[in-house]
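Enquirer: Could you have a look at this structure, given as structure tokens, before my questions?
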Amino acid sequence: MTQYTPMIQQYLKVKADYQDAFLFFRLGDFYEMFFEDAVKAAHELEITLTSRDGGSSERIPMCGVPYHAAKNYIEQLVEKGYKVAVCEQVEDPKTAKGVVRREVVQLITPGTMMEGRTIDEKENNFLAALTHFEDGSYALACNDLTTGQNTVTLLTGSVEDILLEVYATGSKEIVVDSSFSKDELNKLTETLKMTISYEDATAIPEGLEHLVKNVSQAKLIKAVGRLFNYVIRTQKRSLDHLQPVEIYYTNQFMKIDVHSKRNLELTETLRTKEKTGSLLWLLDKTKTAMGGRMLKQWMERPLIQKERIEERLEMVETFVNDYFLREDLKEKLKEVYDLERLAGKVAFGNVNARDLLQLRRSLLQVPAILEAISLLDNAYAARLIQGADPCESLTELLGRSIQENPPLSIKDGDIIKDGYNDKLDQYRYVSKNGKTWIAELEKRERDITGIKSLKIGYNRIFGYYIEVTKANLGALPEGRYERKQTLANAERFITDELKEKETLILEAEEKIVQLEYDLFTALREEVKVFIPKLQHLAKVISELDVLQSFATVSEEEQFVKPVLTTKREIFIKDGRHPVVEKVLNGKLYVPNDCIMPENMDVFLITGPNMSGKSTYMRQLALVTVMSQIGCFVPATEAVLPVFDQIFTRIGAADDLISGQSTFMVEMLEAKNAIANASERSLILFDEIGRGTSTYDGMALAQAIIEHIHDQIGAKTLFSTHYHELTVLEDSLDQLKNVHVSAIEENGKVVFLHKIQDGAADKSYGIHVAQLAELPDSLIARAKEVLAQLEGQEEIVIPKRVEVKAQEQEVIPEPIVVKEEPIEIEETKVDNEEESQLSFFGAEQSSKKQDKPALDAKETAVLTQIKKIDLLDMTPLEAMNELYRLQKKLKKG
């Protein structure tokens, strides 16, 4: 390192502590980057890569950005998942001896960004910290640096459960210890696309102990300690706005796994990953940024406590029924800025005068809001506003201190009102009168010289001057002015009198700017005292905003208040998919009932493609979520239980698990539901088994249906193209066939989008192909092939084999191999015996025929089957073993 110049040596020393970040190294008016940072930054930011002499034999790669434009470049890098260490000059270069002293003043990361275009005003920017313990449990702590919010929870489930909870936070960055499992880190980065950071310190930092007073569990304290230590190490500034840590328990909320949330498009669409077109987009009628953030948090964690849900519903009903109250509240909320993030900026010391003006305007609305809510005869409303302080003294302070139209910068003056500070008023008097004198001098000199174009101007280099065009120089009295500067078309002069006034004016103006800055920073410290009250107020206003948002959308879209029941029954009359209905924008939407009494657990749904099966299934899930976040629902009547979990497998999700096939994704999602669902869960399976051969798919579909029906008892919508499965209605007493109706008119299919009882009689696949405008010749050929296939043998679903519950694992009997042969009912067609296919694809002979002798290969496979311990295998392992044996039999 000694071969480099002292400045480059200094750079390398600082860089050694920030190997995983771009180092923005301040040199004068630029932030410079060197070596690999420069090469990579030039590529990512599309800026010029140059080089400089650094003392070594080879030139050093270098690139840089102007300091005043650095914010934009830093945002670009952080948006791409990088970290940026900002290294500033911490001493005056004019007085420095040797190399100017420099220090990193902040490490900016995806989870610690405070402002900029990467921070959506209606989304939290959570930083997560995950701690793994020897007993297999995890503690997850989260902090939103922009709002000061802190949460922590203990997780004891699988890695998938951990992923679900981290996903629910929306975190872009997660902090772990340096020994954290690499496999688990890979899942976080691949599935959730997160930036990984490391922090080994877990003790609560000095000065922050008061934030964990309500946290007693050592595991939770460790997770919070890791989080706080990382924040302090990276931010290096005041954290006065951090709020007390809130403990929450995941079993207090409905569980919806990561893939189900995406399938249902709760907060973003599958295709575009955008909010528009999601349920959140429809429900978001909030008027404040903080209300928008709370709405998203509620949607990520629907409630499962009936009483809490009903409290919200009653409050929404109050707003629905009182139009004037609702509209008045909305008008006031429009004037409320982001109190949470304003408080954060105050604490961080980067609040400006305009921010404080926004704070004052917000606080002016608060007394009327609190008074209106206090008049409601509602226990929830009374509890909500209890302890809310309108901060009227702060409103008064800001009202008499901050100008109505202050500049963005706090270093340019013109911030503080007249009358706030006596000394400032005196300086302003001198400055103002001095400028009046300058204007009078200009008029007097014009009169004396007769030069109408004479003017008095000012610049920072020469100060005040008298400017005369060259055409008028001859009119000047000789010796009146002292020449100061020559321009192309004019001459500039000064006088002793002008210089005297200039000194008085400039001294006053300099003192004004400095005093205003000092007064503003003192004011900012006074505002800091109110941060806890502002944060409490923000929570109250956010919650009111979400509730009025629910009321507004419910009124606009004609939603109804759901009735919650402790019974396991669903009664939805004229239910609609809220987002599809909205997107149709006035076109007729066909509503559908969903009526599942306590003794009805499974709807087996058949019908053609494009008929609306998936929409109907999603519709039920969205109605359920809306109900349990406290919103009215799209129906004319709704009676619903409180579900503990929602599981889905509904198309378009094949890319969600990296590197997995469609069929594997199906099986993994099916396994998740089967392993975790309870009788209080909702399961939505769309076309399970489509990713493999017909017989395998049908076998698995039947087995899954039977297992859910017999062993779980969850309310389930199961759509299928295997029409043969509809006979299960005869043997499963809590299963009912329903179908989406369609009719043919003039050889073309017309989808009615109406759910009706019974099984569908046709799939209309070729008609759908016609709608897609496939070539006529291809359609004609498909019809010929279909006619041939329909004339062939019929597939018969095997009878169920009753097995005791303890003998079953996840996939029930039709695919469980036993030593005794399974009797398969025979069907006769045209008085001829029809041979049937078993679930292994091997042809079974009619009972009237003698069983053929097994060859050596078949005997070997049978021996292997007998040795399989099915009770010690997962469904996926059983399926893989089945494929292996089948493949072995098929080899010639």
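Each residue's number is its place along the chain shown, starting with 1.
Each residue, glycine too, has its Cβ placed from N, Cα and C.
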Enquirer: Labelled region 'Disordered' by Swiss-Prot, one stretch among 396-418, 833-855. Can you tell me which?
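Expert: Residues 833-855 are the ones Swiss-Prot records as region 'Disordered'.
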Enquirer: If you count Cβ atoms within 10 Å of the Cβ of N609 (ATP binding site), leaving out that atom itself, what do you get?
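Expert: Step by step: centre on the Cβ of N609 (ATP binding site), count other Cβ atoms within 10 Å, giving 18.
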Enquirer: Counting only residues 6+ apart in the same chain, whose Cβ is under 8 Å from the Cβ of K613 (ATP binding site)?
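Expert: Within the chain, K613 (ATP binding site) has Cβ neighbours under 8 Å at I605, G607, D686, S719, V740.
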Enquirer: Around the ATP site formed by G607, P608, N609, M610, S611, G612, K613, S614, list the extra residues of the same chain whose Cβ is within 8 Å of the site's Cβ centroid.
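Expert: Those within range, site residues removed, are V740, F751.
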Enquirer: I'd like the number of other C-beta atoms within 10 A of the C-beta of P608 (ATP binding site), please.
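Expert: A 10 Å sphere around the Cβ of P608 (ATP binding site) contains 21 other Cβ atoms.
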Enquirer: Out of these binding-site residues, M610, G612, which one has the fewest other C-beta atoms within 10 Å of its own C-beta?
Expert: M610
